[in-house]
Every structure is written in structure tokens, then in C-alpha cells.
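These notes are about the structure you will find just below.
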Amino acid sequence: MSNAITMGIFWHLIGAASAACFYAPFKQVKQWSWETMWSVGGIVSWLILPWTISALLLPDFWAYYGQFNLSTLLPVFLFGAMWGIGNINYGLTMRYLGMSMGIGIAIGITLIVGTLMTPIINGNFDVLIHTEGGHMTLLGVFVALIGVGIVTRAGQLKERKMGIKAEEFNLKKGLLLAVMCGIFSAGMSFAMNAAKPMHEAAAALGVDPLYVALPSYVVIMGGGALVNLGFCFIRLAKVQNLSIKADFSLARPLIISNILLSALGGLMWYLQFFFYAWGHARIPAQYDYMSWMLHMSFYVLCGGLVGLVLKEWKNAGRRPVAVLSLGCVVIIIAANIVGLGMAS
């Protein structure tokens, strides 16, 4: 396996670790509605950071975006909005299925859809079917799904042992939302694929290869921001017991603390895709769609490890932890199989 591929896998791991940890600061926010907290974090992660980073990278910010016609920008924006819909459905999936089953089904579907639909759309699926490297990467995807399934099972055992249940368990509604979440969340993978002309234009301006994907985030995350912030603002305006005015009428130290914690959560959310761009840049072009598989499987891996570090599994017993450990090992094996496939 080449050093470039190894570093690509490593950066995807770092990005996934940030994704697994980003909600920790949000959990420390006090006396704010979820909608206000999510909006503040989202403004940082989807608007302020993408625009700021792009302004620092590009020699002429407005000229760069002005060179693209609507046929280039609109698919990138709409795929970003598609991801935004999946993001909202994610929370509802947890509500009706519980954390473990919801995450397992949603992540499994988005891993398959986001990874395999891209080469199909690009007309490159024959690379997977007719080459040795393609066979290896497909095997890696299959093994990753097994790993996700094992971690999901560990989570179910933990929830059963600790008496944790879904807020409003509804299998039919939860499965529908999980499928929708999985499909729509893959919009981020499709957006990265549609944004290739933007990446090439950034490279032509002399932007370092590690950073060429970052300017496209202004458009991708703009689409996601429209859906997420629109959802939050509508709820803040219409739901009777929600009030942004009340959230900002607390004691000043608490408001400042909540803003900083929400902003930190937003920063950590953004960093997952900052390092995703670094990893993506190191993956061979013919296998660039495997970035999504690496990111999502590592997200499950890191989520399990973070849970262990934070002692969320302390009272779960030995069997759930053993099953979790097995799932993490399988995901690591899957990443190595994919790496070997890309190198062959």
C-alpha cells in the first residue's frame, strides 16, 4: 500500500473521529432549545467556516465562484440540500428506532448508496466488476457493512442491558425514516462528485491539492444550511414552547457559554469534512468514491471507541463490549482491504 493511500485512510480516520466527538460540546449547552443550539453551531460549521477558509485559500473569492455556470453550481447545491434532509431525518430515526438500530440501518444504507451509486452515475462501475482492485474494494465495502452490523448489535445488547429504549418506538415509521436518512445523507458523497470541476478550478489557481475540495464546501454546505436552518427557524417561529428570544434572555455568562459550546461543536463538525478533503485528495482518482465508505465506517468505529473512553459502556457488561471490540476490528480490517484494493 502506497504512502499516499495510507495517509488518505489516516486523514479519513481523523475526520471521522471529529465527527464522532462533535456532539460532546452540544451536550454541555444548558437551558437552550435544540433548535437554537443547532442553529448557532450550524451557522459556524456551514456558513462561517466554509466562507472563511475559502476566502483564505482563493486569490480572488468572487471571481472563482463567478466562473461557474448554473449547470455546475446547482447540482452541487442541491446535493448539499439532499444531505441536509438526511441530517434532519437522522434525529427522527433515533427517536423511533433507538440509537443502535437507527444508526446501524441509516449508516449501512448511506455507506452502500454513497459509495456504489457514484461509480454507477459516472459510468465507472466496470472498474469494480472487472478489475482485481475493484474486487478488493467491493470486498472491503462488504466487510465494512459486517463491521457496522456487529457494532450495531453491540449497541443493542448495551441498550437492553441498561434498559435504554427508543423515545417513541415505531418500527414501521422508524424503518422508513432510516431508509430515507441513509439515501439522503449520501447527498454529501454525490455533492463531492458533482463538485469535481470546482476542485479542478481551485487546483488551476495553485491551491494545494490537500485543500482543493474546500472551496466547494461554500456551495455544498450552503445547500445543507438552507434545509437545516430553515427547519430550525420554522420550528422556532411556529412551535409554541420554543422561543429564540427566551433562549437569549438567560444570564449573560450562560448565553456566552452556550454560544461558545455550540460554536465548538460546529467547528468539530466542520473539521470532519476538512480532513475528509485531505483524505479524498490522497485516494487514487479511479477510487475516489471509496472516501465515503472510509468516512462512514470510521465514523461507526470512532463512535464506539469514543463511547468506551467516555465510559458510556461502563455498566453494559462484558459481552456488549466484546461484541463492540469485534466490530471495531472488522471495520479496521475492511479499511485495510480497501487500501490494498486501491493500491493493486
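Each Cβ is built from the backbone N, Cα and C atoms, and glycine gets one as well.
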Can you check which of 131-151, 152-172 Swiss-Prot lists as transmembrane segment?
131-151
Counting Cβ pairs closer than 8 Å, which of 4-24, 101-121, 131-151, 175-195, 214-234 has the most of them with the transmembrane segment (321-341)?
131-151
Against which stretches of its own chain does the transmembrane segment (38-58) lie, if we need a Cβ under 8 Å and a gap of at least six residues from its ends?
26, 64, 202, 205, 207, 211, 214-215, 217-218, 221-222, 224-225, 228-229, 232-233, 236, 258-259, 262-263, 265-267, 269-270, 274
Restricting to the same chain and to residues at least six past its boundaries, which positions have a Cβ under 8 Å from a Cβ of the transmembrane segment (131-151)?
104, 107-108, 111-112, 115-116, 287, 290, 293, 296-297, 300-301, 303-304, 323-324, 326-331, 333-338, 340-344
Outside the transmembrane segment (214-234), six or more residues from its ends: residues with CB under 8 Å to it
35-36, 38-39, 42-43, 45-47, 50-51, 53-54, 57-58, 64-65, 73, 76-85, 87-88, 188, 191-192, 195, 198-199, 202, 207, 273-274, 277
Folded-back contacts onto the transmembrane segment (101-121), same chain, C-beta under 8 angstroms, at least six residues removed:
86, 89-90, 93-94, 127-128, 141, 144-145, 148-149, 151-153, 155-156, 166, 174-175, 178-179, 181-183, 185-186, 188-190, 193, 289-290, 292-293, 296-297, 299-300, 303
